[in-house]
Amino acid sequence: MVHFTAEEKTAITSVWGKVNVEETGGEALGRLLVVYPWTQRFFDSFGNLSSASAILGNPKVKAHGKKVLTSLGEAVKNLDNLKATFSKLSELHCDKLHVDPENFRLLGNVLVVVLAVHFGKEFTPEVHAAWQKLVAGVASALAHKYH
């Protein structure tokens, strides 16, 4: 179980309140598919993923990125219970979709990069550390059913 201090919770929620879920989600998932091209195999139904511009402009990538980031919003609301929050999604990704759980960690790291780019100096080392802890906790919760 991940424990967040009051300061970490504030750092996470203060940034989250300013996140454009649609834009940031699409960019994070798009970057994942570009930077780690082997992750594309889980998105065969998304159509053209042949280049960075095709991926970043793909409406299905953007829509799924929004969906992913919307679920991350549930983590922000339930920082003290990530495992239960992601129990059903963990089961889906493990049993039905067979997603490599390492991809959750990779996507979390890419999301932190996207947030740093968007928030610049506001994304201080302390804020970065809190978000890194969050995405690691979410990745662990999503990987739970694999163990």
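From the backbone N, Cα and C atoms, a Cβ is placed for every residue, glycine too.
Per Swiss-Prot, the features are:
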BINDING   HIS64, HIS93  heme b binding site
DOMAIN    3-147  domain 'Globin'
MOD_RES   SER14  phosphoserine
MOD_RES   SER51  phosphoserine
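Taking the features listed in Swiss-Prot, we show where each one sits on the structure.
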residue: SER14; record: phosphoserine; Cβ contacts under 8 Å, 6 or more apart: VAL127
residue: SER51; record: phosphoserine; Cβ contacts under 8 Å, 6 or more apart: none
residue: HIS64; record: heme b binding site; Cβ contacts under 8 Å, 6 or more apart: GLY25, LEU29, PHE43, PHE46
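When the domain 'Globin' (3-147) is classified with DSSP, helix, strand and coil residues number 117 helix, 0 strand, 28 coil.
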